[in-house]
Amino acid sequence: MSSRTRPWYMWREDYWLPPGVTWRDMEQLEGSDRPQPLDLLVALPLALGFVTLRYVFERFLVPPMGRCLGVKNRLQMSASPSPKLESFYRQRSRQPTQSEIVALMSLCGKTQRQIETWFRLRRNQDRPCQTKKFGEAAWRFFFYLTAFTAGLACLIDVKCLKYFLFTYLYIMFPPQPMERAHYWYYMLELGFYGSLLLRISVDVKRKDFKEQVIHHLATIFLLSFSYCANYIRVGTLVMLLHDSSDILLESAKMFNYGTGWRKMCDTLFVVFAVVFLVTRLVIFPSKIIHTTLVLSMELFQPFPGYYFFNILLMVLQALHIFWAGLILRMLEKDERSEESEIEEEEVDKGEENANQEGDNCWGRSKDTLNSKLSMLATTCVLNNLTNHMASAADRIRKAQ
């Protein structure tokens, strides 16, 4: 994009470029050697292509992979048909308040316990099955593995050892020549995160859903801005660091959804935690952020683009700290990442008399019921043993 075709106020040089650098300096590079803002439009068809490719992947490749790992869907009890409760569930709330339950009792002629049980069963029906969660993890694993391999291919050359050196990241910045491999690396990452946003309404919703949306948006803005402002050398390092730990996370999820792979899952999760903490809490702030925030000012004065780029990096770092806390808690409690979704609600299969208002009413949860039955049985055994011992002692004294 030449200076003559850049009339918008948003393309002012003092916004995007360091003081003393003009668009004419950027145009000294050949067209194939410099990033163009219009190149970002390529990410839109790539995002749609990723959505289509993911559908084919989950349709034809995920089922045999799931069978190999022993992925099985849990048996779920269905809620009894109730048009009024179903209408409330879809249009009002999935978790009614106490006052709403009272209103539904008079509307449907059911007891409070029956209504609460119906909503628990109905929510369980909407929870994603193991196969769907396994397919999502498998798709992400294969993309991150491909992206990480492509990133290494982009960076492994004569200059590879210089990538963590300040002189290589910012020498001749911003009119640095762009390699074609870096261009496709950027476009593929942008297309992938764009596809995640397109499918975010149908993917598995986890406890950190809002943080995931913020992460995807920050990543897209960061990649787009760093491409237009020619922060490409820094951007490739950021993507490579992120992909290195994401591969391990998704592989741990895949084995966790399978049967008989607990040791493999635990091992991968521990390795993932170590790689995550090292790359995102040590290398990322000490090498990337320190270089872009502090060392870069040795070459140029701060400008709006400098602040915007570093703010996005700081947002990513804040998310890293948040997820690091979750990971450490998972390690302490032996949880898995897929358990960060809506809390499990197990319902017992016990049934009351069918004559009571024609509906089945389910008892307390299985674990709670078994625990109380066990305590009751233990108490009864101890009481009987005490009584027998007392009777035997009385008979011995009488015999004497």
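Including glycine, each Cβ sits where the backbone N, Cα and C put it.
Predicted automatically and left uncurated, TrEMBL annotations should be read as such.
Residues or ranges marked as DNA-binding region by TrEMBL: 74-130. Mean pLDDT for the DNA-binding region (74-130) in the predicted structure: 86.
The feature compositional bias 'Acidic residues' is assigned by TrEMBL to 339-349.
The DSSP breakdown of the domain 'Homeobox' (72-129), given as helix, strand and coil counts, is 35 helix, 0 strand, 23 coil. Here TrEMBL flags 72-129 as domain 'Homeobox'.
Annotation comment: TrEMBL describes 132-336 as domain 'TLC'.
TrEMBL lists 339-363 with the feature region 'Disordered'.
Per TrEMBL, transmembrane segment is recorded for 141-171 (among others).
Residues 35, 39-40, 42-51, 54, 143, 147, 150-151, 154, 212-213, 216-217, 219-220, 223-224, 227, 232, 235-236, 239 of the same chain lie 6 or more positions beyond the ends of the transmembrane segment (183-202) yet place their CB under 8 Å from a CB of it. Summarising the annotation, TrEMBL assigns transmembrane segment to 183-202 (among others).
Annotated transmembrane segment per TrEMBL: 267-286 (among others), in sequence order.
What TrEMBL lists as transmembrane segment is 306-328 (among others).
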